[in-house]
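Remarks on the structure that follows.
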Amino acid sequence: MAGGGFATAPANGVEFEAKITPIVIISCIMAATGGLMFGYDVGVSGGVTSMPDFLKKFFPVVHRKVEAGADKNSNYCKYDNQGLQLFTSSLYLAGLTATFFASYTTRTLGRRPTMLIAGVFFIIGVVLNAAAQDLAMLIAGRILLGCGVGFANQAVPLFLSEIAPTKIRGGLNILFQLNVTIGILFANLVNYGTAKIKGGWGWRLSLGLAGVPALLLTVGALLVTETPNSLVERGRLDEGKAVLRKIRGTDNVEPEFADLLEASRLAKEVKHPFRNLLQRRNRPQLVIAVALQIFQQCTGINAIMFYAPVLFSTLGFGNDAALYSAVVTGAVNVLSTLVSIYSVDKVGRRVLLLEAGVQMFFSQVVIAIILGIKVTDHSQNLSKGFAILVVVMICTYVAAFAWSWGPLGWLIPSETFPLETRSAGQSVTVCVNLLFTFIIAQAFLSMLCHFKFGIFIFFSSWVLVMSFFVMFLLPETKNIPIEEMTERVWKKHWFWARFMDDHHDDQVFASGHVNGKKSNGKSNGFDPSTRL
Ligand code: BGC
């Protein structure tokens, strides 16, 4: 999370006194709306772009190709159109850009105003989209939604990690991801319903219903209080302490407040976080964080999340069946994320990632073989049995992603960066993720047109590469306290240990020494539950 303050964890393993107050409950609802909003935007575009009325109005060229059928155009190329892809991808490009501004407002204005800015962007974006008269208005709406995503994904997880008591903080990381998947499913369900509306305005309802999580986020931001961490970071110490008392539901907040002051002091001492990030001893975490983001997107997941209905219709499913199948994959995504929440601290990160690697590789190869045999450029004879098999294989693939790369792609970077680079490291993580999300959104339909069924071989090759990366280069971080990563993980790793030998860097040492003073690693850790 860029430029953010530092959330506190219990000093010396002692729990601070804290009740689950109404403010904390509202915070959890905020997590839900921030994640839901993002997920809704991810999920809604695919269904909308497969609706004939939407295509007729904004992309008549594509509409004509789809209507003409496979006689004139290749099955695989029906939807290949840069403008159509831009409708989906522009959101991520805007989100990427907005992250830089959001990093600044989160630090200087606070978390709450940043969430409000996000809410306002979302609301205007939704209005423009639902009322769109032409392509320009439609894309402008998507860009504003993207700005909302940039601001919300920056501020909401940080806000949560700072406001929640330590004991429920860890779970919020995957909870955010769970809400993203629920948002996607919700969008798929809405699309399934609105596609049946006669009169050609169903797509407006689909895009307009994003207003529900957008409004909730805005109202939520108005209701909640600023975090004590942010107030302290901006020198408003008395206010910070008063807020801490209020949210913890007790007057006994001195130990936590002292911890918070120390964390803020240390955060200010890190003068050049981005330069720090590039130092040799921080290389393992940086390489892993960047690689995980690239790999997460190269699994091909968003080809499915963004374009499932279009993909199913490309394969010859009727419009209704295509949307219905997208609902099924969306539901599998939600349920499998629950599996991850349950098992990540039991079986560990590596087991989940490696098992999922095998499962994703297998299902993608099977899909490629079925399509290679059954769907050619100008004919598709996918019988009912094969069509069901394709859907089952896509679900097998989505399930594997949802209990591995989906949540862990975010969790692992957030728990491996040391204090000195955590905030800058999280910024880089978000940016690389959104950049590759943008690339997949912009390129998938063209790639489908050129690679045909081979697109699944392309993604499965990536799955092979990333599985080898996990096997050899990703250490297990299950149950390892964040401040002990250097000693217990990096220094013991066959490859990464070589980066741990120089200790003459200038600012904060990886061991937790700050300018010669031993810092309390535990009490000053930026919370691992901060997702973005
Ligand atoms: C990814 C998103 C993806 C979602 C699917 C997230 O972890 O970052 O790009 O759409 O999972 O559930």
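Count begins at 1; order follows the chain as displayed.
In case you wondered, yes, glycine gets a Cβ from its N, Cα and C as well.
Curation plays no part in TrEMBL annotations; they are all automatic predictions.
Since this is a predicted model, take the numbers as computed values, not measurements.
What TrEMBL records for 521-532 is compositional bias 'Polar residues'.
The annotation domain 'Major facilitator superfamily (MFS) profile' is assigned in TrEMBL to 27-478.
Positions annotated as region 'Disordered' by TrEMBL: 511-532.
Per TrEMBL, the feature transmembrane segment maps to 20-40 (among others).
Positions annotated as transmembrane segment by TrEMBL: 83-102 (among others).
With a cut-off of 8 Å between Cβ atoms, the residues of this chain six or more beyond the transmembrane segment (114-132) that come close are 30, 34, 37, 58, 98, 102, 105-106, 138, 140-152, 154-156, 159, 204-205, 207-208, 210-211, 213-215, 217-222. Summarising the annotation, TrEMBL assigns transmembrane segment to 114-132 (among others).
Among the features that TrEMBL reports, transmembrane segment is placed at 138-160 (among others). Through the fold, the transmembrane segment (138-160) approaches residues 1-2, 4-5, 7, 27-28, 30-31, 34-35, 37-38, 41, 58, 86-88, 90-99, 101-103, 105-106, 111-112, 114-115, 117-119, 121-122, 124-129, 132, 169, 172-173, 176, 207, 210, 214, 217, 224, 227, 430, 434, 529-532 of its own chain, all at least 6 residues removed from its boundaries and within a Cβ separation under 8 Å.
Taken from TrEMBL, the feature transmembrane segment applies to 172-190 (among others). Beyond the ends of the transmembrane segment (172-190), by six or more residues, the same chain brings 28, 31-32, 34-44, 46-47, 156-157, 160-161, 164, 205-206, 209-210, 213, 305, 308, 323, 326-327, 329-331, 333-334, 337-338, 340-341, 344, 402, 406-407, 410-411, 414, 528-531 to within a C-beta distance below 8 angstroms of the stretch.
The transmembrane segment annotation in TrEMBL covers 202-224 (among others).
The transmembrane segment feature in TrEMBL is assigned to 286-310 (among others).
The annotation transmembrane segment is assigned in TrEMBL to 322-344 (among others). Residues 43, 46-47, 50, 171, 174-175, 177-178, 181-182, 184-185, 187-189, 191-192, 195, 304-305, 308-313, 352, 391, 394-395, 398-404, 406-408, 411, 478 of the same chain, all 6+ positions outside the transmembrane segment (322-344), place their C-beta atoms under 8 angstroms from a C-beta of that stretch.
The transmembrane segment feature in TrEMBL is assigned to 351-373 (among others).
Residues or ranges marked as transmembrane segment by TrEMBL: 385-406 (among others).
Cβ atoms under 8 Å from those of the transmembrane segment (427-447) belong to residues 1-3, 79-82, 84-86, 88-89, 91-93, 95-96, 99, 103, 150, 153-154, 277, 286, 289-290, 292-294, 296-298, 300, 302-303, 306-307, 310, 409-410, 413-414, 455, 458, 532 of the same chain, restricted to positions at least 6 beyond its ends. Annotated transmembrane segment per TrEMBL: 427-447 (among others), in sequence order.
TrEMBL lists 453-474 (among others) with the feature transmembrane segment.
Taking residue pairs at least 6 apart in sequence, the transmembrane segment (20-40) and the transmembrane segment (286-310) share fewer than three C-beta contacts under 8 angstroms. Looking at 83-102, 202-224, 351-373, 385-406, 453-474, the range that has the most CB pairs within less than 8 A of the transmembrane segment (20-40) turns out to be 202-224. Away from its own ends, the transmembrane segment (202-224) comes close to residues 23, 26-27, 29-30, 33-34, 36-37, 40-41, 44, 47-48, 51, 53-54, 112, 115-116, 118-120, 122-123, 125-127, 129-132, 141, 145, 148, 152, 156, 159, 163, 183, 187, 190-191, 194-196 of its chain (Cβ-Cβ under 8 Å, at least six residues beyond either end).
Nonlocal intrachain contacts for the transmembrane segment (83-102), taken as residues 6+ away from its ends with a CB within less than 8 angstroms of a stretch CB, comprise 2, 41, 45-46, 49, 58-59, 62, 114, 117-118, 121, 135, 138-139, 142-151, 153-155, 306-307, 427, 430-431, 434-435, 437-438, 441-446.
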